[in-house]
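Q: Structure below; questions to follow.
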Amino acid sequence: MTLRLSRRAYAEMFGPTTGDRVRLADTELLIEIERDFTTYGEEVKFGGGKVIRDGMGQSQRVAADVPDTVITNAVILDHWGIVKADIAIKHGRIAAIGKAGNPDIQPGVTIAIGAATEVIAGEGLIVTAGGIDTHIHFISPQQIDEALASGVTTMLGGGTGPATGTNATTCTPGPWHMERMLQAADGWPINLGFLGKGNASLPQPLVEQIAAGAIGLKLHEDWGTTPAAIDNCLSVADDTDTQVAIHTDTLNEAGFVESTVAAFKGRTIHTYHTEGAGGGHAPDILKVCGEMNVLPSSTNPTRPYTINTLDEHLDMLMVCHHLDPSIAEDLAFAESRIRRETIAAEDILHDLGALSMLSSDSQAMGRVGEVIIRTWQTAHKMKVQRGALPEDTARNDNFRAKRYVAKYTINPALTHGIAHEVGSIEPGKWADLVLWEPAFFGIKPSMILKGGMIAVAQMGDPNASIPTPQPVHYREMFATRGGALARTSLTFVSQMAADAGIAERYGLAKRIVPVRNCRNVTKADMIHNAWRPSISVDPETYDVIADGQLLTCEPATVLPMAQRYFLF
């Protein structure tokens, strides 16, 4: 017997299906379900009187033949699509995306549920891959709590704590600091990787940091990013299959942007602060977006351009870079980096896919818990100001959503050689997943899974009779305790360090994973974010021209995902 349900009734019971649209938080962004992997009339759902019961939606298969966990009827938002599906997790990895149930009695089942299977109800929820923040100043370990609760599950960068060097630069300098930070990584339920200091003109000081466990090297102007240092650093990276991140020379002391590009010699590099105010060659660092070997990112303090952006930047900059406002030269240095015209252009370059990644610059002018919020605020602002992208339709913003989610998931993973483990929702990858109610999308996740186990969730009073009574706030779950912590999170290192046996030598508990294929990534590999415009910046007016078009927009006076959701 067939029972017809209205779309509303179906969505309320099983979540949206093909052709249904979902608003992302309180933005003007709408996503539309492109495909539903489930079977109408055969959907599985857990609960009293529902489907996942013995002999019904649950089969008799043993643990070896069923997943450890199934997320049912979830909407997946990833760079490759926007679909409705059941997600299977086994041994900490995504095992399948498809139709869950009991294949003995149900048609089309690709994921068998058994007595060994836990269920997470995904009906009405959006699932995204855990975010990857590639611009972390490891100033305080409490950043990790904030990042994880925001939906970020991998943090890459450098530092040693609130040292003056770390306050300004993302470097973990030298083998001793590298060993200590890798040991500290064992205590946190998040994937971590550390960059060594790349500012040296001879190879050995850099090679020893890679051998100690660095996933790559960071060149920063505060340590002297000269053409000689750039050339040497990239040569070491080529020899060790690691990535180089660079914060270029704001003062143009050792040369202009053309000198830096020449020092790259066509070699792959991740350019931090390819943006309007964060640093690097003033005023035209944005030019590097047009280079095939440059993988550009920007940071969240300028995301998106608002009426308050300029006002807050000067004081932030003076503190972060150890400048003295009473010294005229220090003040001039700061003011040269803060330009409304290039900040406005940064919005548009993100929207057109010229800027491939977005990160935080945590506690060093950026906010570690706001990478995801500010990504989607930028997408909203551009939708409102520029309308639909050519790739989208009047019904949805699917392409724009895929472009923006890729900026903090798959593209950072590809850039830093970790896409074989994280960065997308695909079978075989580590099950770092973030579940969102659509009304709170991008702002407050419902639950964060690390390696297939719940790490953080919104949880009510532990003494209550049910999980939901107030106060409801983020609390660490069992994946953050005891031996489970080391088995649900990863530490990324160089292949050289892994081969040298640092895990045993340092006494590391977490599984170490070598980065790979860092040196053959190009701008063309940046998914949905591969545009390479020819950019010029007027040295007097700071106007930004890309492929002959002036890039400018007005600052936002109000944003979504803001005061509706936060008291403070």
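Using N, Cα and C of the backbone, Cβ positions are placed for all residues, glycine too.
Reproduced below are the annotations present in Swiss-Prot:
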ACT_SITE  HIS321  active site, proton donor
BINDING   HIS220  substrate binding site
DOMAIN    130-568  domain 'Urease'
MOD_RES   LYS218  N6-carboxylysine
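Tell me about the setting of these features in this model.
A: Mapped onto three states, the DSSP output places HIS321 (active site, proton donor) in coil.
DSSP classifies HIS220 (substrate binding site) as strand under the three-state reduction.
If you draw a 10 Å sphere around the CB of LYS218 (N6-carboxylysine), it holds 30 other CB atoms from the protein chains shown.
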Q: Within 10 Å of its Cβ, which one of these recorded positions (HIS220, HIS321) has the largest number of other Cβ atoms?
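A: Answer by Cβ density within 10 Å: HIS220.
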Q: Write down the Cα-Cα distance for HIS220 (substrate binding site) and HIS321 (active site, proton donor), rounded and given in Å.
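A: Answer for this pair: 11 Å between alpha carbons.
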